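Asks: I grabbed these lines from TrEMBL:
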type: SITE; residues: Arg17; note: site 'Important for substrate specificity'
type: ACT_SITE; residues: Asp74; note: active site, proton acceptor
type: SITE; residues: Thr75; note: site 'Important for substrate specificity'
type: SITE; residues: Gln157; note: site 'Important for substrate specificity'
Amino acid sequence: MPGQDGPRLVLGSASPRRLELLAQIGIVPDQVRHADIDETPLKGESARGYVRRIALAKAAALELAPGDVLLCADTTVAVGRRILGKPASRAEAALFMRLMSGRRHRVLTAVVVRHAGRTRERLVETTVRMRPIGAAELDAYLDIGDWQGKAGGYAIQGAAAAFIPWIQGSFSSVVGLPLSETAAMLAASGITMKESAP
Ligand SMILES: Cc1cn([C@H]2C[C@H](O)[C@@H](COP(=O)(O)OP(=O)(O)OP(=O)(O)O)O2)c(=O)[nH]c1=O
C-alpha cells in the first residue's frame, strides 16, 4: 500500500512535464531531485542506445535511502540516424524543425526504475509526423519559445500540435513519460495512486 507505510517515490527529474504527467495518473512523488549529467551522444551511438544510456546514467547518479523507489527518464528525438537533443539556440531549433518538417521522426523515451538493488528499464518509441512547415509559421512558432528545454525543439503538448496530424505510439511518452508503462513499472515496486492516501 502506498502512503505512510509504503515505499517513498523519488522522481529523479527536473522536468515539470514529468511531474505533471505523474499527477495525471494520481502519483505524487515524495521527493523531486535530479543530477546534472553529460548528455552528449557518443560517436556513432544509436538513438536507442543513447536514450537508454542517459536514462540509466540519471538513475545511477542519485543516492537512494533503503526502500526508496527512484524514477528517471530520458526523451530524445531521432530523424533517421540523427539524434536531436535539446537545441542550444533558436537557430538550432530552427534547423531541427526544418529537418522534421514534412516527414516522420521517432521520439524515444527510456524509463528507469531503481528499487531494492534492482534496476528496471523500458524503452518506448513513438513515430510522429510533421506536415511541411512554412518559413513564416516556423518563425512565429520559434517566437513562442516553446523550443527551449525540449528534445527536438518542439512540444507536442503546445502550439506544435498544429504541425502534427498523426502519431503512432504513446502521446505521453512524447511529452516525457509513457504513462501506461511507467505506471506498470512503479506498481511492480509498490507505488500506486495516492488518491486514498492520507
Ligand atoms: C518531443 C518533446 C519533448 N518534450 C520534453 C520532455 C523532456 O522534458 C525534454 C527532453 O529532455 P530530457 O533530457 O528527457 O529531460 P529534462 O532535461 O527536461 O529533465 P531531466 O533530465 O531532469 O529528467 O523534452 C516535451 O515536453 N514535448 C515534446 O513534444
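Yeah, the Cβs are placed from backbone N, Cα and C, and that goes for glycine too.
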Asks: Give me the non-local Cβ neighbours of Asp74 (active site, proton acceptor): same chain, 6+ apart in sequence, Cβ-Cβ under 8 Å, ordered along the sequence.
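Replies: Once residues fewer than 6 apart are set aside, Asp74 (active site, proton acceptor) is near Glu39, Val51, Ile54, Ala55, Lys58, Thr109, Ala110.
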Asks: Measure from the Cβ of Arg17 (site 'Important for substrate specificity') and count the other Cβ atoms within 10 Å, all protein chains considered.
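Replies: Its Cβ shell of radius 10 Å holds 17 other Cβ atoms.
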Asks: Need the DSSP three-state call for Arg17 (site 'Important for substrate specificity') to compare against my parser.
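Replies: Arg17 (site 'Important for substrate specificity') sits in a helix per DSSP.
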Asks: Return the single residue from the recorded sites list (Thr75, Gln157) that has the minimum number of other CB atoms within 10 Å.
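Replies: Selected from the recorded sites Thr75, Gln157 on minimum Cβ neighbours within 10 Å: Gln157.
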Asks: What does the structure give for the C-alpha distance between Arg17 (site 'Important for substrate specificity') and Thr75 (site 'Important for substrate specificity')? Integer Å is fine.
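Replies: A Cα-Cα distance of 11 Å.
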Asks: According to DSSP, which kind of secondary structure is Gln157 (site 'Important for substrate specificity') found in, if we only use helix, strand and coil?
Replies: coil
Asks: Distance between Gln157 (site 'Important for substrate specificity') and Thr75 (site 'Important for substrate specificity') at the Cα atoms, whole Å?
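Replies: Per the Cα atoms, Gln157 (site 'Important for substrate specificity') and Thr75 (site 'Important for substrate specificity') stand 14 Å apart.
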